[in-house]
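Here Swiss-Prot flags 1-23 as signal peptide. Residues or ranges marked as disulfide bond by Swiss-Prot: 27-38, 55-144, 121-136. According to Swiss-Prot, the domain 'C-type lectin' annotation covers 34-145.
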């Protein structure tokens, strides 16, 4: 009886440690986990449209990263800053599909914003929370995201 309790307790501890920390066990190798989503930085330079297409080919449900909070931006910066130094990365926000309304490529509502001008396609600095509009034909690095 004592062994059963010990083994059961041990399994419970392992389960809670994996599920409680978001240890990334749901994300494929090379992807990082945050709040139930998987993220990956790609160093290739691409146009916005090519970057979105590239992300959709990386994993089912994947798109250019959508940023829903300041905390999520901090997480993405923690990934991009060491890899890309002072670079710019495409995010999944543009008005390329609808001339007057900004939309995330994954269909999420635009709740969190970090720029002041009406953009065409949006890049984020790899080292801070600033967003900039850029012509969609320019090339930048890529961050992809999907729900785990």
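Quick reminder: no glycine exception, Cβ is built from N, Cα and C everywhere.
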Tell me the residue counts in helix, strand and coil for the domain 'C-type lectin' (34-145), as DSSP assigns them.
26 helix, 37 strand, 49 coil
What residues, ordered by sequence, lie under 8 A Cβ-to-Cβ from residue 144 (disulfide bond) and sit at least six positions away in the same chain?
39, 40, 42, 54, 55, 58, 59, 62, 63, 64, 65
Rounded distance in angstrom between the Cα atoms of residue 27 (disulfide bond) and residue 136 (disulfide bond):
29
Three-state secondary structure of residue 27 (disulfide bond) from DSSP?
coil
Given the disulfide-bonded residues 27, 55, 136, and counting only Cβ atoms in the protein chains shown, which has the most within 10 Å of its Cβ?
55
Could you tally the C-beta atoms, other than its own, that fall within 10 angstroms of the C-beta of residue 38 (disulfide bond)?
22
